[in-house]
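K.L.:
My questions all concern the structure below.
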Amino acid sequence: MNRPFNFSAGPAAIPEEVLQQAAAEMLDWHGCGMGVMEMSHRGKEFISIYETAEADVRELLAIPAHFKILFMQGGGIAENAIVPMNLSRAGVVDFVVTGSWSQKSFKEAAKYAQPHLAASGKDSGFTRPVAPKDWQLSSNPAYVHICSNETIDGVEFHELPDLRALGCDAPLVIDFSSHVASRPVDWSRVGLAFGGAQKNIGPAGLTIVVVREDLLGHALPITPSAFDFKTVADNHSMFNTPPTWGIYMAGLTFQWLKRQREGELTGIAAMEQRNIAKAQRFYDYVDGSQLYVNAIDPAWRSRMNIPFQLRDASRNEAFLAGAKAAGLLQLKGHKSVGGMRASLYNAMPMAGVQALIAFMQEFERTSA
Ligand SMILES: *Cc1c(COP(=O)(O)O)cnc(C)c1O
């Protein structure tokens, strides 16, 4: 069976090998007579799935020992509340707004903390963020929040800001939902990272939180116990029933990632190489075309989510219909941006990018 190429921003394509393995194990996981969805989260079978997934993601992302890895529920949007509840101590929190997702985080935090807008890329239409040296950080914020890849606007931090170099000792919080596992993370610059799984890791319903140990234990009294990071960490993500299926699928994806090779490179380094090549190919094509345009400052262009417009927007519906007929799915842009968006997550092979470019060339030729 030849599956179409799926460019969804999320929930998004999952590697075919992962789906096939999950299908093969659906009724009977490793001869135990149960599928993963039917197992107790406290049984030895699931505990082994959980421990392997945790160890694999720690190895893949090179997460240091003084960070806890939490498998939670609620998604990225719930973390917009859970993070300030746990880290703000109801004090001042700095936000750098680079697009829709960081804007959402900024707004939600006002229920629990005193959010301060340290910078906003709004003046440029979110085509580029404000450079870190121009951020107006508060004197002593509880933390500084950024969205390290703006899924809707297509803006990505290619280097995480070094807050200490900016004279700020506060921990950096990153929402890495839509580029987690696409590139390495410099943990020396991070206090907490969170992300929903449904972009680059697995099915919706699982949220991964990676948090420096010393930040635990200061949750506001109103924090639900199931969302208190210390409670979750102390109970190895089993204070409540964790999203077992999501953890299992993420674990299969981590094993798939560990098998990836590009020359000498393996795992995340191999993925990063591939992601750079895919994005480069696509941006080069868009920049050289007469019909398509991407307005993002080249230094800030996302490797994962590439919004693009047709110069003749009246052709949008014809473009989407033609793409679908050519086996290229879910290219419609987010309603707030319009046009198209191609999400090139880990599961998208170079062949998918080439097929999309071939379609776009043909569409441009026949539109002229
Ligand atoms: C998708 C996404 C979210 C929201 O995830 P939900 O699972 O809908 O809560 C948050 N942040 C970013 C950057 C995202 O891409």
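Heads up, the Cβ atoms here are built off N, Cα and C, so glycines get one too.
Because TrEMBL annotations are produced automatically, they should be read as predictions rather than curated entries.
What TrEMBL shows for this protein is this:
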- R42: L-glutamate binding site (BINDING)
- W101, T151, D175, Q198, N240, T241: pyridoxal 5'-phosphate binding site (BINDING)
- 5-356: domain 'Aminotransferase class V' (DOMAIN)
- K199: N6-(pyridoxal phosphate)lysine (MOD_RES)
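Give me the structural setting of these features: burial, nearby parts and distances.
P.N.:
Take the CB of R42 (L-glutamate binding site) and look out to 10 A: across all protein chains shown you find 9 other CB atoms.
Packing around T151 (pyridoxal 5'-phosphate binding site) is summarised by its Cβ count: 26 other Cβ atoms lie within 10 angstroms of its Cβ, all protein chains included.
Taken together, the residues of the domain 'Aminotransferase class V' (5-356) have an average pLDDT of 98.
For K199 (N6-(pyridoxal phosphate)lysine), the Cβ neighbour count at a 10 Å cut-off comes to 28, with all displayed protein chains included.
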K.L.:
Whole-number answer please: how many Å between the C-alpha atoms of W101 (pyridoxal 5'-phosphate binding site) and K199 (N6-(pyridoxal phosphate)lysine)?
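P.N.:
The Cα atom of W101 (pyridoxal 5'-phosphate binding site) is 14 Å away from the Cα atom of K199 (N6-(pyridoxal phosphate)lysine).
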K.L.:
How many Å lie between the Cα of K199 (N6-(pyridoxal phosphate)lysine) and the Cα of T241 (pyridoxal 5'-phosphate binding site)?
P.N.:
22
K.L.:
To the nearest Å, how far is the Cα of D175 (pyridoxal 5'-phosphate binding site) from the Cα of R42 (L-glutamate binding site)?
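P.N.:
Spelling it out, the Cα of D175 (pyridoxal 5'-phosphate binding site) and the Cα of R42 (L-glutamate binding site) are 30 Å apart.
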K.L.:
Measure from the CA atom of R42 (L-glutamate binding site) to the CA atom of N240 (pyridoxal 5'-phosphate binding site) and give the result in Å, rounded to a whole number.
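P.N.:
Answer for this pair: 11 Å between alpha carbons.
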K.L.:
Do any of the binding-site residues R42, W101, T151, D175 touch ligand 1, in the sense that the CB is under 6 Å from one of its atoms?
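P.N.:
Among R42, W101, T151, D175, near ligand 1: W101, T151, D175.
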K.L.:
About how far apart, in whole Å, are the alpha carbons (Cα) of T151 (pyridoxal 5'-phosphate binding site) and R42 (L-glutamate binding site)?
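P.N.:
It is 35 Å, counting Cα to Cα.
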